[in-house]
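Feature list (source: TrEMBL):
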- His43, His69: heme binding site (BINDING)
- His176, His181, His199, His202, His203, His257, His261, His278, His281, His282: Zn(2+) binding site (BINDING)
- 8-86: domain 'Cytochrome b5 heme-binding' (DOMAIN)
- 112-130: transmembrane segment (TRANSMEM)
- 156-175: transmembrane segment (TRANSMEM)
- 212-230: transmembrane segment (TRANSMEM)
- 236-253: transmembrane segment (TRANSMEM)
Amino acid sequence: MAPAPPPAASFSPAEVQRRLAAGACWVRRGASLYDLTGFVRHHPGGEQLLRARAGQDISADLDGPPHRHSDNARRWLEQYYVGELRVDPQVGPTVPSLPCKSLSHPGLSCRYSVPIIWVPLVLYLSWSYYRTLSQDNIRLFASFTTDYSVAVPKSMFAGLFVLGMLFWTLVEYLIHRFLFHMKPPSDSHYLIMLHFVMHGQHHKAPFDGSRLVFPPVPASLVIAFFYVFLRLILPEAVAGIIFAGGLLGYVLYDMTHYYLHFGSPHKGSYLYNMKAHHVKHHFEYQKSGFGISTKLWDYFFHTLIPEESHPKMQ
């Protein structure tokens, strides 16, 4: 006969209050206590929401609004279980709430490497190809026909640059949907391992700060491929400007992705809505919601995550 599991630890309201006063972030679900001190910076809804609920019962918050937490999120909560609250029958399970302290961001050096490496290249390419566009007679389609070629004046620089940023958002969507979320054959161990390394590990450990931005070396290979591709189909200056805009789009994408996991945007802001969108992708809708920096292509390809409806509060 297997031995009985040890009884759960119990804490009085005064003991919980002391921990809150010391900076811990404990919450309860009924009489069950959870220590979320190490999770506040990881909370998909932003750290302020948890810090404001330190010492409180979060049962109603799990059911929403603004949204109902998924079964995965509820299972995730259980790993922070620390014990039970000893209830005074005359008082009830009440613990004074205190704000918990903020923790530092993980993975700062990794995410800062993205703008440090690529933004100087964006600036150099932009300046170099703007000068080329200003000095040379650049024409589109000149390699196919001289009668119908189109001149590209320097006034088109901004439009080409923005076109490159827009082009990146499409690339971002396609890579996320068809490469990162591909279903490798069940008999291909190498593809299964490659898929897990590329993106499966990120879904398994979404709060691992070291896996939120693309490492510079593999990123260089992908970036070089797109530069060569654009150079093959477009004049050098036009290709370079579009490429520079796309490269800036990639930098903004990587920084946005990191912020959606660890940032705390203001409620109602664009990034707040994108964070909610990305959280749902991770925990409930892995087959939709592929846009990171924008929902544009989710709208276009009908992969938008459905909006949740909540009954009106009486």
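The backbone N, Cα and C atoms fix where each Cβ goes, and this holds for glycine too.
Model, not experiment: these values are computed from the prediction.
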Taking helix as H, G and I and strand as E and B in DSSP, count the residues of the domain 'Cytochrome b5 heme-binding' (8-86) in helix, strand and coil.
27 helix, 16 strand, 36 coil
Of the listed stretches 112-130, 212-230, 236-253, which one has the most C-beta pairs under 8 A with the transmembrane segment (156-175)?
236-253
For the domain 'Cytochrome b5 heme-binding' (8-86), provide the mean pLDDT of the predicted model.
79
In whole Å, how far is His43 (heme binding site) from His203 (Zn(2+) binding site) when you measure between their Cα atoms?
15
Can you name the far-off residues of the same chain, 6+ from the ends of the transmembrane segment (236-253), with a Cβ under 8 Å from a Cβ of it?
114-115, 118-119, 121-122, 125-126, 128-130, 132-133, 136, 138, 140, 152, 157, 160-169, 171-172, 219, 223, 226-227, 230, 292-293
Cα-Cα, whole number of Å: His69 (heme binding site) versus His176 (Zn(2+) binding site)?
24
To the nearest whole angstrom, state the Cα distance for the pair His176 (Zn(2+) binding site) and His43 (heme binding site).
23
In terms of Cβ proximity under 8 Å, which residues at least six beyond the ends of the transmembrane segment (112-130) contact it?
154, 157, 161, 213-214, 216, 223, 236-237, 240-241, 243-244, 247-248, 250-251, 254-255
Can you give me the Cα-Cα distance between His261 (Zn(2+) binding site) and His43 (heme binding site) in Å, rounded to a whole number?
8
Far apart in sequence but close in space: which same-chain residues, 6 or more away, have a Cβ under 8 Å from His199 (Zn(2+) binding site)?
Leu179, Phe180, His181
When neighbour density is defined as the number of other C-beta atoms within 10 angstroms of a residue's C-beta, which of the binding-site residues His176, His261, His281 has the lowest density?
His176
Judged by the number of other CB atoms within 10 angstroms, which among His43, His69, His203 is the least packed of the binding-site residues?
His203
Using C-alpha atoms only, work out the spacing between His281 (Zn(2+) binding site) and His43 (heme binding site) and round it to an integer in Å.
15
